[in-house]
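Structure first, commentary second.
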């Protein structure tokens, strides 16, 4: 039913937000679909990594660990952005298109009034791609 | 497993000499919610900066006369007493940059030996000008050459009352013109760009190569060590926020007054508080959209639009103005700049006190007070360039563009005054001199409208890039802090500008913003040492 699953990962909160990757892994096994983890990082030093190279290594390590633990085909796609908060949606949409993903499994928060001003990432992906979007609250 | 293709920045980097510190970017940050908005702010820089700014605005509004006089006196005292210090420091910055261009340090690449540039030359240049100087070039491109020419040619040139540079050239129009252009170019050429370049290079080096957070304090790691993460660093960052916000807010306030005067001149729109507030709200509104859209979709795009408009206006004046005189004037002005540079930059033994204190030292303090903002913005968009390429493009090429701009606009205005006897350009108030010059050329309605649009969009590009910088500093160097924080700073800046415009006190706080140039001069001199130390340990 699904041929490729896209999962954004926030490496700053990777330890806390495992629900979306866990769910994606179960769906991937069910449909024998590979999972592509997308990470968006600024070029400037941040809490996760002090440069893009370090971020790449960390995402690769995360992807390898998930691949081993879940026993599925997993890919990593790091994006280095000048303004991650503003560019996240574009990075996700681009990944969906480039990888031909037909499902996005994304962590989300409870709806807030601020969503009126800044729509959720899941909503943006759903409205700008052909992929289905599975939002995981947590 | 993971590839490195991305929408913008190619990864990595290659060898660089990272600083080993136990400090993690954002470790002092507090994540919290204010209503529906999530925040990720540095403790205590965000709170102290915000509260101090509010307190200063209230004090200025409540005690307008006394604060106006006090801050004005402080500025005059600093630029009058320490003019030699400002001039010497600026000379050091120029010499350091020139040394770095020709030295082996020039081979060091920002972001690591294998890093590639984040932005094309076009986008990069557009952002350099839009953030740091565009608005000034619009206002002073005509008025400053005319001012120096008029004071130099006047009968009282060389007296204690005169504002002429280097004693002027009383009665000698040709010499006064050369001196006026040289003095103007001196204020918009190598020295201001060297000030920006020093701050930008220091920040870029210590952030992209050394792995420290993108905040002013990081530059001082070689000097203060781990103490930069404590109060020493807090004070540096708070001062940077302070200088940036007040610099932007007062410029926005004055800019609204000037734009209002221009709109009145062209379209008859009344000069009133309502018009000015509408202008500030409109400028802030566009800046808000720009900061929400981010660097690539917002700031860069607006900067590029502005560069195209500025180029069109420049080309128009060049073609319909005295074209040959401008072309020959460009090389002639470069020669005159080089000829007068040793005298104009000499800090000691001069008699042109008014010019030295009121123009040069004021300008140097003003550029230096803006340098944390412009420098940090330039640093953020300059990853992947070598030090030589960076300094050539931040120092030499913008200086040449400034010379050309001043030649086209100032040269045309002086030509109108001297050869055509067009006195209007000399008599018009400061904010209308550009329009007065354009009035004497064909299609003045269209060109004046483009000029007004340029002025307003240059304010937008200063406002949005400034808000990004303040947000980064007050988020402890994180550039991925929640968007509402940027919205807060851009709105706050507009509100401060409106409060000061309506309540009075723009001049007072601008004087105070300029006064922060003095402590920052010391900060920048220390940054020169930090740059040399930092570059020395980099693989070349």
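Cβ atoms are placed via backbone N, Cα and C, with glycine included.
Sequence annotations record features per position, and here TrEMBL assigns region 'Disordered' to B:1-20.
Summarising the annotation, TrEMBL assigns transmembrane segment to B:45-64 (among others).
Positions annotated as transmembrane segment by TrEMBL: B:84-102 (among others).
When Cβ-Cβ distances below 8 Å are used as the criterion, the transmembrane segment (B:123-142) is approached by residues 117, 184, 188, 192, 196, 251, 255, 258, 299-300, 302-304, 306-307, 310, 370, 373-374, 377-378, 381-382, 393-394, 397-398, 401-402, 405-406, 408-410, 413, 425, 430-431, 433-434, 436-437, 451, 454-455, 458-459, 461-462, 465-466 of the same chain, each at least six residues removed from its ends. Summarising the annotation, TrEMBL assigns transmembrane segment to B:123-142 (among others).
Remote same-chain partners of the transmembrane segment (B:190-208), defined as residues 6 or more beyond its termini with a Cβ less than 8 Å from a stretch Cβ, comprise 16, 19, 90-91, 93-94, 96-97, 100, 108, 110-112, 115, 132-133, 214, 216, 218-219, 221, 345, 363-364, 367-368, 370-372, 374-379, 382-383, 387, 390-391, 394-396, 398-399, 402, 477, 524, 527-528, 530-531, 534-535, 538. TrEMBL lists B:190-208 (among others) with the feature transmembrane segment.
Taken from TrEMBL, the feature transmembrane segment applies to B:228-254 (among others).
Within the same chain, residues 252-253, 255-257, 259-260, 263-264, 301-302, 380-381, 456-457, 459-461, 463-464, 467-468, 471, 483, 486-487, 490-491, 493-494, 497-498, 501-502 sit at least 6 positions outside the transmembrane segment (B:274-295) and bring their C-beta atoms closer than 8 Å to a C-beta of that stretch. Taken from TrEMBL, the feature transmembrane segment applies to B:274-295 (among others).
Under the heading transmembrane segment, TrEMBL lists B:307-331 (among others). Long-range Cβ contacts of the transmembrane segment (B:307-331) within its own chain (Cβ-Cβ under 8 Å, at least 6 residues beyond either end) map to 122, 125-126, 129-130, 134, 137, 181, 403-405, 407-409, 411-412, 415, 419, 438, 441-443, 447, 450-451, 453-454, 457.
Beyond the transmembrane segment (B:361-379), the same-chain residues lying 6 or more positions past its ends with a Cβ under 8 Å from any Cβ of the stretch are 75, 78-80, 82-83, 86-87, 89-90, 127-128, 131-132, 187, 191-192, 195-204, 207, 214-216, 239-240, 243-244, 247-248, 394, 465-466, 468-470, 472-473, 513-518, 520-521, 524. The transmembrane segment annotation in TrEMBL covers B:361-379 (among others).
Marked as transmembrane segment by TrEMBL: B:391-414 (among others).
The feature transmembrane segment is assigned by TrEMBL to B:434-460 (among others).
Long-range contacts of the transmembrane segment (B:487-506) within the same chain: residues 50, 53, 57, 60-61, 64, 67-68, 245-246, 248-250, 252-254, 256-257, 273, 276-277, 280-281, 283-284, 287-288, 291-292, 463-464, 466-467, 470-471, 474, each at least 6 residues beyond the stretch ends and with a Cβ under 8 Å from a Cβ of the stretch. Taken from TrEMBL, the feature transmembrane segment covers B:487-506 (among others).
According to TrEMBL, the transmembrane segment annotation covers B:512-532 (among others).
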Under a criterion of three or more Cβ pairs within a distance under 8 Å and sequence separation of at least 6, are the transmembrane segment (B:45-64) and the transmembrane segment (B:434-460) in contact?
no
Which stretch, B:228-254, B:391-414, B:434-460, B:512-532, tops the Cβ pairs under 8 Å count with the transmembrane segment (B:84-102)?
B:512-532
Near the transmembrane segment (B:434-460), which same-chain residues lie under 8 Å Cβ to Cβ, leaving out any that are not at least 6 residues past its ends?
130, 134-135, 138-139, 141-143, 251-252, 255, 258-259, 262-263, 265-266, 279, 282-283, 286-287, 290, 302, 305-306, 309-310, 312-313, 316-317, 320-321, 409, 412-413, 416, 420, 422, 424-425, 428
Report, as numbers and ranges, every residue of the chain located at least six residues beyond the transmembrane segment (B:391-414) whose Cβ falls under 8 Å of a Cβ in that stretch; write 'none' if there are none.
94, 97-98, 100-101, 106, 121, 124-125, 128-129, 133, 137, 141-142, 144-146, 149, 177, 180-181, 184-185, 188-190, 193-194, 196-197, 200-201, 314, 317-318, 321-322, 325-326, 329-330, 333-334, 337, 378, 382, 385, 425, 433-434, 437, 441
